[in-house]
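Only one structure is covered here, and it is reproduced in the block below.
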Amino acid sequence: MDSSEGCTDMDEPSPGFILNMTSDAKVRSVVEQIDRLSNITTSPPEMGWYDLEFDPLEDEGPFLPFSAYVITGTAGAGKSTSVSALHQNLNCLITGATVVAAQNLSRALKSYCPTIYHAFGFKSRHINICQRKVPKVTQSSIEQLQRYELARYWPTVTDIIREFMRKKQKGQYSSLSQSAFRLLCRMGGANLWTSNIIVIDEAGTLSSHILTAVVFFYWFYNSWLDTPLYRNGAVPCIVCVGSPTQTDAFQSVFNHTQQRNEISACDNVLTFLLGKREVADYIRLDENWALFINNKRCTDPQFGHLLKTLEYNLDISPELMDYIDRFVVPKSKILDPLEYAGWTRLFISHQEVKSFLATLHTCLSSNKDAVSTKLFTCPVVCEVFTEPFEEYKRAVGLTHMTPIEWVTKNLFRLSNYSQFADQDMAVVGTYITDASTQITFATKFVKNSYATLTGKTKKCICGFHGSYQRFKSILDGELFIESHSHDNPAYVYSFLSTLLYNAMYSFYAHGVKQGHEEFLRDLRELPVSQELISEMSSEDVLGQEGDTDAFYLTASLPPSPTHAALPTLVAYYSGAKELFCNRLALARRHFGDEFLHSDFSTFTVNIVVRDGVDFVSTSPGLHGLVAYASTIDTYIIQGYTFLPVRFGRPGGQRLSEDLRRKMPSIVVQDSSGFIACLENNVTKMTETLEGGDVFNICCAGDYGISSNLAMTIVKAQGVSLSRVAISFGNHRNIRASLVYVGVSRAIDARYLVMDSNPLKLMDRGDAQSPSSKYIIKALCNPKTTLIY
């Protein structure tokens, strides 16, 4: 008897899967401990002290109690993904320290996760509010530390609470019972006033005062609204997740007189919790710290040993030095755009990124025959408003500064994640009026190159490009419908119906091109579902000439989602999908399996692509399915369009009519093959001086995307890259955190190269890795939780 009979072959589980399963029991214990911390209660602090007249620099308010749990570990060890266990088992507010971290969590949890800044009410106008320089005095208690941290951030805090008091009614939840409050928590998303468990991913990138700000806003909001959390004295539990050795926190103060940023290192939230003895004792760090040990992103044992060496600041063995030498290639190969095509270059400085992109664009522009990697330019417009700019110049004593000089010195501040600092762009024109000065830059993009978003951006999905088989797989899987139907499913079914309606012609066109009369005859004879039939009877179609697709003589246009009921839209979509699949099966029978993999495109309107990048149409505008684009997904740049795109904003376009005429919408393709237009990014630059004077100086319009061809190591944090080429350049005394972040982006050690051995250039010692000694101490402490 065959021993395999009745057995099912199973794939061997991956090392990453095994590592995740072995950590399951310890993760459960972490959840239980955080649950216990969240049940701690106290006498509610009297928040009436903290009014708009209060100033912690001069006044002493009541101490705001809190608890904390720290989750740290090597890069790729599963810290962020383990947050899903908290999300599934506890009522908690999940946040990220950055937009990338928040979007990463949102995708993993399939639930909206804000940044911690958004959670406590931070707005764009607060970016340029200067932090106060608080005199440093000896802080010997947790109360003194909290007061000091709160005083640093108080100008921003007061502006946020002023707006909150204006928008929220005092005592709004005073009459709400405990059961009604629990129902409210389940109905809506988590907030600082619906949960006392606040999770912050990538907390090591936050300045230490943000921890105190979160604690303050938790108590203030719950006190103002008079929630059951406040009445019961529920102490907030702040869960801080991150890797203290791969992150640094910096604070920047803009010097208006010299027009430059003054950047200095500061304590981050993790080192604040680990390194401040008063804080560590208060939160009982030994019992409330979990360390993830093994890297699950890249499971190569030697690579994991490298990360642990950097994590714990261990001595570098000759064997490890030899291992890193295997990744070293000549610097000229990494800087040559023709080498390592498709790999992501990582650099230390923005100038190095910009130089590489400029070299790449020069190579592409000299190759006129390259269609798939065509280089094209789009304008970026900065508009400086004359009146507030003149007032600002007088206030800072720079009366001779011109708008162009100001824009040149402030480009890096005009867009998220220093997009302007990385772009290969140059001034191509200025337009001066009495009201403003418009400065136009030309920025370059490469067709079919990968890019990520630099902020929260709307997209209008307007088409699909790929193969017939790929499109059919998407329709059969219905994942697209599931992932986009949470707001209004009617629009999703209407969108797909429009794509299907317009896609039918491709079968007829292929038959005509091939001169295949039998296929065209069979195509006409395919039955059309009753849900698609227009008011014109089938008899009216008989006798029509065969020079057009009979489907369009028979079928009605897809019903509008604003006028048709959902069942009608679903019925039309089902009928259109059935007919598309029948036509595809017919084409496969006549033309063979290769037809399934042939080129296929469909759009919501008739589109023609000129010069390979310019999407044009005779339609007055471009419509589609509007959604927010994910900042962690990678998009392929396809080109641009000057067609007016409807992004679903009731107030109209975010750009002025003048800027809209100058700036097109960038067209991209996602990993599934769907084509979308991205809404242009609008940045309003507001300068806030120390005295509180505010000047609305500038408005800039750009495209909100950043090339994945090259980026800084700092920007790459939190991103997994399939192919990585790192250039450490001519830098010396490289920070250990930069080396750690750079090499740990790789998901496969076989696809990692670098231009030098960073271990020979890296600063060593406790000063460079201050948290390593605390981590090593924790590894030897039986009270801490180790997760392998």
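FYI, residue positions are counted from 1 along the chain as it appears here.
Each Cβ is built from the backbone N, Cα and C atoms, and glycine gets one as well.
Feature list (source: Swiss-Prot):
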BINDING   G73, T74, A75, G76, A77, G78, K79, S80  ATP binding site
Residues satisfying Cβ distance under 8 Å from K79 (ATP binding site), sequence separation of at least 6: I71, T72, G73, D201, V241, G242, S243, F292
Have a look around G78 (ATP binding site) and count the other CB atoms within 10 A of its CB, chains all included. 22
May I ask you to report the DSSP-based helix, strand or coil state of G73 (ATP binding site)? strand
Reduced to three states, what secondary structure does DSSP give K79 (ATP binding site)? helix
